[in-house]
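Annotated in TrEMBL:
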DOMAIN    30-287  domain 'Protein kinase'
BINDING   59  ATP binding site
DOMAIN    328-363  domain 'EF-hand'
DOMAIN    365-397  domain 'EF-hand'
DOMAIN    398-433  domain 'EF-hand'
DOMAIN    436-471  domain 'EF-hand'
């Protein structure tokens, strides 16, 4: 039976993170003078997306430095899948004869490592603010069967200078998926990571995702003291201490650190079978923060209701726009998402949304229907981009540059109109659409095809998105 093009509409953010076949110079204005940093795998340059005011970070990776092409492709695919407020966003990729280019969210605040170096140590309040964001991202990764394997302050970026409110986990170059094709959990193999942060079982070469939790324990120790728990003049001496598990709080830096903080570190820096899981860390007394009152949430229910009544195509366009926004454009919505996310796992359950929207003036059944429609990928929970797509104000998405970007993403051949075949090409990457007939795709096009020619031109697209603003 054909599904209605408004109801049961499935949309996924990762569909819109594409490998752009064009030349990167045709899409971005950039200069080597704006290099943000460089390392053994390449450099990162600040660039402006042409035709917009959007500034992004372009990671330039010379192909000659890619030793394991499959692992590199794995990194890109993992970044496409992740959708969390504390995980750096990947927008699109490019490739030429020499390089691969990753267009990512620009984090102008630099590395957390540099902040630690400058501050020497954090207060417990500052450490908690930073640590909870990192743990939320790691817990989300583990829930999606992804192990980072290289957690360290150098791989955490600040969205804005001198602000600890938006920390981003970056660099998934060593990350891996720890389930097989049948979703059966399997051991992780290989000695990899950065010496100070490596778990003892990683040194043995066989382990699981809890190696990340060990790294989290090391990071918390460093945040609170400014020194690593396992140190030595070279890697072999560091590894020897890690394998023995010997570390101490008998330093002046820990004199005023709470017992709760030390207890959490102890529960991370233990043998793998005794270690806390990432989602259990969030429940530890030291991490638990005072619950925000739902009355303080200023969620625009009108925007949510409007989203549920949108056509399939408009939901697709809004999801694209949400996937391309920078965090600085949606800071307030990001704060709302985090307030609703009571357990800090990076997704919203039905219970969390209903709890946070007690002031909803309609029936419970109406609210549940709204939540069902916001869940555009139909997995029973609300991801970050889904929340942004449903909650963002018209003033954000009605900007010409945003609308034109969304239109271009669907107008694959650049003809100036969106055909049913192009729409099918964008969405048909998911098994959900494999059984949809030609009539289904025609019906989606007809929702905005005012002149009845079987395609949607830009004027029709704008009329669909913001009818009150179009001519």
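Using the three backbone atoms N, Cα and C, a Cβ is placed for every residue, glycine included.
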For this session: Write out how many residues of the domain 'EF-hand' (398-433) are helix, how many strand and how many coil, based on DSSP.
Result: 22 helix, 2 strand, 12 coil
Exercise. Do any residues of this chain, six or more beyond the ends of the domain 'EF-hand' (398-433), have a C-beta under 8 angstroms from a C-beta of it, and if so which?
Worked result: 10-12, 15-16, 18, 51-54, 313, 316-317, 320-321, 324, 378, 441-442, 444-445, 454-458, 461-462, 465-466, 469
For this session: Please report the number of other Cβ atoms within 10 Å of the Cβ of the residue listed as 'ATP binding site'.
Result: 22
For this session: Could you check what DSSP calls the residue listed as 'ATP binding site' once collapsed to helix, strand or coil?
Result: strand
